[in-house]
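If you check Swiss-Prot, you get these features:
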- Glu105: active site, proton acceptor (ACT_SITE)
- 111-344: domain 'Radical SAM core' (DOMAIN)
- Cys118-Cys349: disulfide bond (DISULFID)
- Cys125, Cys129, Cys132: [4Fe-4S] cluster binding site (BINDING)
Amino acid sequence: METTVKKQKKNLETKKPSIYSLQLHEMQDWLKEQGEPKFRAGQIFDWLYKKRVKNYEDMSNLAKGLRDKLSNSFDITTLNTLVKQTSSDGTIKFLFQLYDGYSIETVLMRHEYGNSICVTTQVGCRIGCTFCASTLGGLKRNLEAGEIVAQVVEVQRALDETEERVSSLVVMGIGEPFDNYDNLMSFLRIVNHEKGIHIGARHMTVSTSGIVPKIYKFAEEDMQINFAISLHAANTEIRSKLMPINRAYKLPDLMEAVKYYVNRTGRRITFEYGLFGGENDQVEHAEELAALLKGVKCHVNLIPVNYVPERDYVRTPREQIFLFEKTLKDRGVNVTIRREQGHDIDAACGQLRAKERKEETR
């Protein structure tokens, strides 16, 4: 019998590129190289993203020769579901295993306006935010575009059973999306394309901890994707404590990049602000935040943080959250408190993966 380690080594040795990593024009280019008509790309995408088949033999309108070429050249990436947790509010958290044995998290959230999915872009994270479970263990590797796409496909397969669909997505799972920029953009274009999963650009949101050079680059992209900054503090001292990335990309430089993005795109930006008891949740912190954002076309999303056992932070009391919100509103800031979901499962980003890793080391 093969051990898990041997299977993983075998997978690494035999791995082919993921077909989910190809954008439509890249599929057309590959078909041309194979002497095949480029219209076949649309048929292949239909099988992958509309019918969601798991093997090439099911692509019945393709000649066997083409199916064999596809099979010899590309893997249809499938993710092994290790854990599936369902919350009382309908939130579902998936722990998926990748071909090399690493695991990642994906979350399905149910809203009145539809189903939203939160995807992961890296195995682990290098950013080191002191409140986050995702960074425990550091960064292992970037996900390929196809591995990010496969998360959406797998969740959509789960929704097929109840004839539902993924209608929006947020790139706010494990990892820093802008540290995996090229694969991130390929993923977004694949899921946005009408022949792909076809999620509208305005129904997608990318969040960053503040990689300043990539904010300027993202401002030049030709997609109207929503953009969010994980801010969590409006002064340098507190933000550097919560988010060490602030030492590399200072708050004034971050705000300059934000203003460039807003002016270049005309789009409103969202600032995510997690409230940590006794750290950044007092009235004076709200006043600092309002001053920092004055004149910026933005929205603030206040986040009552989920408890992470490996971290020391505590939740801000409910009445303090409302006072913080009121302080911002009184100063003209557009603000909402994020609705809590998945509170009765391992809801914090990276928490389920950290729990699984801990079990494996026992």
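Backbone N, Cα and C atoms are what each Cβ position is placed from, and that goes for glycine too.
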Query: recorded positions Glu105, Cys125, Cys132: which have a Cα within 10 Å of Cys118 (disulfide bond)?
result: Glu105
- line: Averaging pLDDT over all residues of the domain 'Radical SAM core' (111-344) gives 95
Statement: Rounding to whole Å, the Cα atoms of the residue listed as 'active site, proton acceptor' and Cys125 ([4Fe-4S] cluster binding site) are apart by 13
Statement: Simplified to three states, DSSP reports Cys129 ([4Fe-4S] cluster binding site) as coil
- line: Around the Cβ of Cys129 ([4Fe-4S] cluster binding site), other Cβ atoms within 10 Å, all chains included, total 21
